[in-house]
Amino acid sequence: MTVRVAINGFGRIGRNVVRALYESGRRAEITVVAINELADAAGMAHLLKYDTSHGRFAWEVRQERDQLFVGDDAIRVLHERSLQSLPWRELGVDVVLDCTGVYGSREHGEAHIAAGAKKVLFSHPGSNDLDTTVVYGVNQDQLRAEHRIVSNASCTTNCIIPVIKLLDDAYGIESGTVTTIHSAMHDQQVIDAYHPDLRRTRAASQSIIPVDTKLAAGITRFFPQFNDRFEAIAVRVPTINVTAIDLSVTVKKPVKANEVNLLLQKAAQGAFHGIVDYAELPLVSVDFNHDPHSAIVDGTQTRVSGAHLIKTLVWCDNEWGFANRMLDTTLAMATVAFR
């Protein structure tokens, strides 16, 4: 069965989902039947074809009236502001990938369902009343047919949750802190300009900028036992893609740095293959651009202090890795719903 997908919002994640679908060779499993985006179709086609972070798209892209063509595949283009007015029933949509970054409540998900979609997957953390939140590689096996409105969490949650799970299962985590070192995003300014967050009034290319993060809440959503025992801070840095996460945890069992690395390396080669990778080369952030893994552990940066404090550095392509997980979760949702 081929899953019929519609994409709502054709920004960074929406476009990368389409690129990842074609580059990963999964068109027999997923077909994009429609994209809803308020921008004009010519601009959509141009930004799909030419991307500053990921280069030229290898597939031919063209726009004709209300259709976007990728190769010979026609995708209907919509410019609808009202979720309730979207023609999902007419188009036979199985799963809507809502990549707007704006919608994320149960009410928004129900609007897609009312318009005719069978399932909805949000590309960012949703409200607590969604059916479930998935970090693929960790809990997708808990998906059920009755789960209609789902969140794919965030890029940073997908990056750090697998590593936390591995360390907790092996050594027993007592508490932890996380620092996200995230590339600049669209909600920052090119030059100094007004923003409700005064730090984000400043030019993104000129400063390391602290921002608020809900990553600690995302961690405790998956690990309730860590409530009040994990904290997170975040800074934005003047790069356009790839993120690093500095993770520090105190653990119950004594451990050495080489043992931590061996654990994570074996996981990357085994149970978490394709989700977690492990590297010991002297690499920098740009080397992880277009990497499809959720997390790449930098073994050169692992430290252990006093046998119980572990520090690790984990990389991710916050666009490309997450877009690939959107596809994985879509297939997982369809498998349990339509088998």
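Cβ atoms here come from the backbone N, Cα and C positions, even for glycine.
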S154, C155, T156, T213, K214, R236 bind substrate per Swiss-Prot; candidate in R144, R148, R200, R229 listed for that same site: R200
For R81 (NAD(+) binding site), the one of S154, H182, T213, K214, R236 that lies nearest, given that the recorded positions are compared by Cα: S154
Site of maximum Cβ density within 10 Å, from binding-site residues R200, R236: R236
Between H182 (site 'Activates thiol group during catalysis') and C155 (active site, nucleophile), the C-alpha gap once rounded to whole angstrom: 10
For substrate, whose listed binding residues are S154, C155, T156, R200, T213, K214, R236, the greatest C-alpha pairwise distance in Å: 20
